[in-house]
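The next block holds one structure in the form of structure tokens; read it before the comments.
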Amino acid sequence: GSMGGMLALPPGQGPHRVGCTDVMVGHTPQGLFLRLFYPCQARAGAVQPLWIPRPEYCGGLADAALGRRWCSALLSIAVGSCRVPVSWNEPLKSCSTGYPLIIFSHGLGAFRTLYSSICTELASWGLVVAVLEHRDRSAATTYFCTAQAGAEQWIPFQRVPQGQKEFYFRNKQVHHRAQECVRALRLFQGIAGGRTEPNILHQGWDLSVLKDNLDLSRVAVMGHSFGGVTALLALVKEPSFRCAVALDAWMFPLENLLYPEVPKPVLFINTEKFQTPQSVAKMKRLSCRNGQSRIVTVLGTVHEDQTDLAFLPGKLFSLIFGTRGSLDPHRALTITSRAALAFLHRHLGMARGEQGGPWFGGTLVWGALGWPLCPRAWGCCSPKLRGLVAAPRWLLARLWWPCHL
């Protein structure tokens, strides 16, 4: 990426050019705010959007994610001018079979643009990705537009209130977040059914263009950290979600009662440094409901490697977050996105006439992973594959085949 500033995000590797727009519906906190990544038409003179959409987000990020307000100015200088390598507000590329849809949930103290690299990658393979900006006060900051012209109401980040048990506070938030994922799906279902949903943001990308270009029989939910566990709960709440991809899921907020309720396939992609044996045990327990669920750990990675923050220069990253992973962030992104694509391809399927699928090339996915496996091996429970001996040493700490332990 040749963007200014200190953050160079990689462009998508797939065959589609990627467009991006913001969508806000409703004039109350019960509405929705999301960023859409989608395959777009190639046109000259396309503008690239800023990575930090507004200065308020720098302050919010410094305060929420880092607990250090002083970082705000530093972040602003370092990344304030950085741009995302996508085309802002460009027209959607039409698709007769309809694109599959992914609803994406952000982590604690994050917001809608912090996962631009992985969302761009998914969209470049022919998926439409809707990244929610949650209004449960877990976002670094967010806002809604009141009915009064031009008036904005900001919703700041909230820490666990004094004297309140963290589990109850976070559990309430995760239910709020999962409900927002379901509402986002309802929004797209409404549009597909011909309902007019005005995008109240002034740039006004017309949502009705999605009407004949989404295949809402192929919908998945995905998220990182707090968003990873949100995706699991959304899978319980909404039968239309066919599967979930949980990036380094923070399992703590989910009540044990719900573990037997996750009947659909889940792909857990963990970083090496974040998970505890207890949370991995929870993942295994949850995965046992479905023989297609998988738990993968990528060696040499830390929690932030699944966000755009991985692409900050090493010294700045270390100053703000501490030790960075030993695996190159571009490599980590490739592994994560290709594993997710292979899983999504398997469980969302291809529409007839897709000729091997515009958003998935079997050899490409597995070749990038360095796994000497054909895509079919993903669903194979042969004990021989358990260790994946032929995989590069840095790639996987372990690949669990649930219920065959």
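FYI, residue positions are counted from 1 along the chain as it appears here.
Cβ atoms here come from the backbone N, Cα and C positions, even for glycine.
Here the structure is a predicted model, which means the values were calculated and not measured.
Here is what TrEMBL records for this protein:
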type	residues	note
ACT_SITE	SER225	active site, nucleophile
ACT_SITE	ASP248	active site, charge relay system
ACT_SITE	HIS303	active site, charge relay system
**Prompt:** Counting across all protein chains shown, how many other Cβ atoms sit within 10 Å of the Cβ of HIS303 (active site, charge relay system)?
**Reply:** 22
**Other CB atoms, at most 10 A from the CB of ASP248 (active site, charge relay system)** = 29
**Prompt:** Which of the three DSSP states, helix, strand or coil, fits HIS303 (active site, charge relay system)?
**Reply:** helix
**Fill in**
The correct three-state DSSP answer for SER225 (active site, nucleophile) is coil
**Structural state of ASP248 (active site, charge relay system), classified by DSSP into three states** = coil
